[in-house]
Amino acid sequence: MAAVGSSGSTAAAGPGAVSAGAGALEPGTVSAAHRRLKYISLAVLVVQNASLILSIRYTRTLPGDRFFATTAVVMAEVLKGLTCLLLLFAQKRGNVKHLVLFLHEAVLVQYVDTLKLAVPSLIYTLQNNLQYVAISNLPAATFQVTYQLKILTTALFSVLMLNRSLSRLQWASLLLLFMGVAIVQAQQAGGGGPRPLDQNPGAGLAAVVASCLSSGFAGVYFEKILKGSSGSVWLRNLQLGLFGTALGLAGLWWAEGTAVARRGFFFGYTPAVWGVVLNQAFGGLLVAVVVKYADNILKGFATSLSIVLSTVASIRLFGFHVDPLFALGAGLVIGAVYLYSLPRGAAKAIASASTSASTSGPCTHQQPPGQPPPPQLSSHRGDLSTEPFLPKLLTKVKGS
């Protein structure tokens, strides 16, 4: 994963390298620069998370001819694959021969590793198509809140497939998350505000749940592949793009082949539709780089702020009505996302504080003999292997 940046610069090494690589600068200058990068990361994550959903919703609710969602998925895969190919070309310093030999070795000679990516690629392609179905049938704010179930599915698959342990606070936050989503869906089923006749909330809910399940499984599976291989993230995403394009074309032919053949591949494409395709193609790649400067808490804030932004924008753009039930459910989801994103040190500190508050005297908890001291909070990112959001964010080039 360190190969996200190819030049060995501070961008490639993450936040820790910002201070380590700038030893000649004043400490205040380093911390100020790091702080600016974190704020920029927050802004990029919020805008990308919210803008993709809002733009898809906008293009799917415009009057007139609708574009084919399957063609948009294929175009996004093609553009992402070409971008990763250009990044690999830059890594090889523009040497075409070295690039061809590298790709021949990585893709064809090591074909077993390449074939392993067919599974997540199939799931990601299905997920991207399901997102169009879900957003076409649910308000953008409702989809944004409900889609946070991907945190729950990713956590469960991490426990089952990677033997990862979750803290009690994380389990509690997952329960809180489920309750918040359930409340929002109850509000939606109760008819929260006017709804266009061509929308089917039941189909939208089924699509978003299936998308969350596929997102969780594919993200954890892809993380397992990355941990067991030496290939860079760009190489893996190029391989995913190859499979994704082929599978996307197969899905297009199966679902809308006759209509696409009659009306054309780019039927219904407008500048707004191209904006959606470009956002899908490059937004995930941008986040994969930006997230190197963002700690887990910042990612939680970004998700929470994107929910708020989507809700506010939905009120302005689509006449979305926020009632107390939706506000309660969204608030629970935002709180759950923040609690789940806390590092383990903070979670232990919160648990310790709540335990000491329930006792009559001062806290007398002592470290057992022979055990290492608990981890301290840091402004830098923790161990990458324990960050539950990392797999999805780094693989967001394939899903959203």
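Cβ coordinates come from backbone N, Cα and C, glycine included.
According to TrEMBL, the region 'Disordered' annotation covers 356-389.
TrEMBL lists 36-55 (among others) with the feature transmembrane segment.
Only residues 6 or more beyond the boundaries of the transmembrane segment (67-90), in the same chain, are considered here, and those with a CB under 8 A from a CB of the stretch are 6, 59, 96, 99, 102-103, 125, 128-129, 132-133, 136, 232, 234-235, 237-238, 241-242, 244-245, 248-249, 251-252, 255-256, 259-260, 265-270, 273, 276-278, 280-282, 284-285, 397-398. The feature transmembrane segment is assigned by TrEMBL to 67-90 (among others).
According to TrEMBL, the transmembrane segment annotation covers 169-190 (among others).
The transmembrane segment annotation in TrEMBL covers 202-222 (among others).
According to TrEMBL, the feature transmembrane segment maps to 234-254 (among others).
The annotation transmembrane segment is assigned in TrEMBL to 266-291 (among others).
For 298-319 (among others), the entry in TrEMBL reads transmembrane segment. Counting residues 6+ beyond its ends, the transmembrane segment (298-319) has Cβ neighbours under 8 Å at 38, 41-42, 45-46, 49-50, 53-54, 57-58, 61, 139-141, 144-145, 148, 193-194, 291, 330, 333-334, 337-338, 340-342, 389, 393 in the same chain.
Summarising the annotation, TrEMBL assigns transmembrane segment to 325-342 (among others). Here the transmembrane segment (325-342) has Cβ contacts under 8 Å with residues 141-142, 145, 148, 151, 155, 169-170, 172-174, 176-177, 179-184, 186-187, 190, 192, 296-297, 299-301, 303-304, 307-308, 311, 350, 388-389 of the same chain, all six or more residues outside its ends.
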